[in-house]
Amino acid sequence: MVPPFHINLNYNSVFPPIGDLFGELMRVDPSTIKGAETLMLGEMLTLPQNFGNIFLGETFSSYISVHNDSNQVVKDILVKADLQTSSQRLNLSASNSAVAELKPECCIDDVIHHEVKEIGTHILVCAVSYTTQYGEKLYFRKFFKFQVLKPLDVKTKFYNAETDEVFLEAQIQNITTSPMFMEKVSLEPSMMYNVSELNIVTNSDDGESTFGKMSYLQPMDTRQYLYCLKPKPEYAEKAGVIKGVTVIGKLDIVWKTNLGERGRLQTSQLQRMAPGYGDIRLSLEMIPDTVNIEEPFDIICKITNCSERTMDLVLEMCNTRSVHWCGISGRQLGKLSPGAFLSLPLTLLSSMQGLQSISGLRLTDTFLKRTYEYDDIAQVCVICPYTSNES
């Protein structure tokens, strides 16, 4: 028995044609619902059996209309819309209750929405069950297939700074065939970090993006976004905490297509391998950029015990050809507990001009009789403050 119903679906991502010619075509088309031309729903909006592609992160919206084409009143009409993906089947119907009756030339309407979160083939399954006036229970289905593609290609790179800062470079490429308006690209940091966005013009009062006011990304174009992450104070003070693989955060990307439809993607948690510092980490908290030749200058070193045992440290300062340390070499620094640190002010001078490397620090753990050498800790520019006046 041929079902006295007609299912019409309308997809939300193309423009409807207009004009009297189109209305006439709708009226004479046998596959179109009677009176559909008065609803201003174009043929381009009618969902075919296989209607093409949409992109991951977009919202699939569709208008479902079940029309009684017969001259009979039917009862207990249940309309169900399911979306079948490669991993699950989702019920998209707004209501799962049956309609008591449907008179001839009347219809049941529903609008469904679904944020697409999987790549691959999706099948929209529309099922209708009803009871005829003779008590016969009937059922039929229609299938609508579409592909979900990846709209963006995201690559990340991490750069570790000596000051515990982490710089994240995110490369985002538009791999669709249409331009995108990049509404937002932000980094949501993990609980261990604070983040600073480096994609804003520094001398701009209104926070203008480095990519300009019209942030369009053309097909196959790539854009780099840069972020700086700093450990929160409660984690930065515990050197042993930030070790091994750590979670940095996740990228949140929002865009609009050329029809104004919004899409959104969030990456999985980004991870990086924290640099290994061995048992003892020596870093600089303060150093001048430029110093005068043969004039003492001060630096502040931070010594952190990254091991799981207490150390008893002795500091030795070895002069190099251009850098000379001021103070007593071989002095006791005392015991340093696991995860603890100490700030050590030191004085030195340079006997040569130019960019000089600071080297020659030695730390010895008297418990294990182990010596740790630190060379090329930093660089400083040495200049001559004296100028000669030629007559």
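The backbone N, Cα and C atoms fix where each Cβ goes, glycine too.
The model shown is predicted, which means the values in this text are computed figures rather than measured ones.
Features as listed in TrEMBL:
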- 34-148: domain 'Trafficking protein particle complex subunit 13 N-terminal' (DOMAIN)
- 152-275: domain 'Trafficking protein particle complex subunit 13 middle' (DOMAIN)
- 288-382: domain 'Trafficking protein particle complex subunit 13 C-terminal' (DOMAIN)
DSSP-derived helix, strand and coil totals, residue by residue, for the domain 'Trafficking protein particle complex subunit 13 middle' (152-275): 4 helix, 68 strand, 52 coil
Residues in the domain 'Trafficking protein particle complex subunit 13 C-terminal' (288-382) grouped by DSSP into helix, strand and remaining coil: 0 helix, 59 strand, 36 coil
